[in-house]
Amino acid sequence: MNIGRIVQVIGPVIDVVFEEGQLPAILNAITITNPVINDEEDNLIVEVAQHLGDNNVRCIAMDVTDGLVRGMPAKDTGAPITVPVGKECLGRILNVVGKPVDGLGPIEAKNTMPIHREAPSFLEQDTSVHVLETGVKVIDLLVPFPRGGKMGLFGGAGCGKTVVMMEMIHNIAMHHGGISVFAGVGERTREGNDLYREMLESGVIKQAALIYGQMTEPPGARARVSLTALAAAEYFRDVEGQDVLLFVDNIFRFTQAGSEVSALLGRMPSAVGYQPTLATDLGELQERITSTDKGSITAVQCVYVPADDLTDPAPATTFAHLDGTVVLSRPIAELGIYPAVDPLDSTSRILDPIVLGEEHYKVARAVQVTLQKYKDLQDIIAILGMDELSEEDKLTVNRARKIQRFLSQPFFVAAQFTGVDGKFVSVPDTVRGFKEILEGKYDDLPEQAFYMVGGIEEAVEKAKKYQEQ
């Protein structure tokens, strides 16, 4: 066992000196016994980040460094951080180094995997396209998810990213029935607890592994927890040949933690203070999320947008890796339309007649055209009022307002707050509903009948109730 000594501790950065010729490799895990964490041996894992010269290595800690002193021994494990993987992890909550944090005892996993791995080669990747049904109208119609693809949920603070993601977990895990891996990266611990309890109640937890590195963790843990979750997902894909769902909330915190670590390591900051290696760090993570000839990983990632600015380097770099982007908009949330998806800003690579069929594609495009016309007319309406519009424009506005309201939907995961039961709407029902609105079949119904309903039949029922009143 190669043993060094701590020579310096600055927050989560630890310098360790080793004997001549005994330096551990970059990314190796080094263990230290920190009495502040608990009574166990080797309870603090640090990762080698730099070789400084004079046999010194600089490491980033995965847990608190309070209680460490100079001169303490540090053991080189000779390998990167390895975590337990496989069926034994299902139904459990792990931290960045694979230790359980749910109080249900140790994980007796037969297999372990390093968190740093190469992305699959060109030849191993699978490029066939299949649509994944989510049961959320606005997403299934306008931003269809590809199975084995990567989707991003973009939005500022409080636009509803986490709620949309929790609904996805509920709907896809319930109806798709595959294995899910959830990475909680630098988000609120309360939300992580909510998700766990919800999964326990619904029974989905039996098919899910939760990997948490929440806001309270040091930057080293937040920068690595998504890699731990990815290793768990890769095992199910590569070894067990499964189709895996990977949920990451929030990928921005991965970037944010990377920028903290980068500053601590003394690297020059780049644009807006981010790390100079922003594109590389994100690329190494995203390229591992892919479908191979053995199985697939379908990823849904929340992306926090600082100050609602989509040109910020973190969200802008993330855009390049995704097959589709669901943009959550504050003005739409202000109208009370949830999910607050912007139907004109959101895009999907597979919104294509070859993949979706001619009818779905035409309806989706017609919905976008109608909403765009309404958006263009809003200035005229604000200045001159509705009466100055032509009859054709009045009809467009009338239908657009119905479409806008019909894009809202009650969620299962929000039922406890709204008092309205959630609705799962199949893709054919979604397409039919919007097609009939566009054809003018419901021009005589009041627009409020279309707000917060599931299928179109429910809107018709609601309209009847309004008429009876």
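Cβ coordinates come from backbone N, Cα and C, glycine included.
Pulled from Swiss-Prot:
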type    : residues                                       : note
BINDING : G155, G156, A157, G158, C159, G160, K161, T162 : ATP binding site
Does DSSP put G155 (ATP binding site) in a helix, in a strand, or in coil? strand
By a 10 A CB contact count over all chains shown, which of the binding-site residues listed here is most packed: G155, G156, G158, G160? G155
On a simple 10 Å Cβ count over all chains shown, which one of the binding-site residues A157, C159 is most densely packed? C159
Given the ATP site G155, G156, A157, G158, C159, G160, K161, T162, its other Cβ neighbours within 8 Å of the Cβ centroid, in chain order, are Y304, L328, A333
G160 (ATP binding site): secondary structure state under DSSP, collapsed to three categories: coil
Who sits close to T162 (ATP binding site): which same-chain residues at least 6 apart have their Cβ under 8 Å from its Cβ? E187, E191, D249, C302
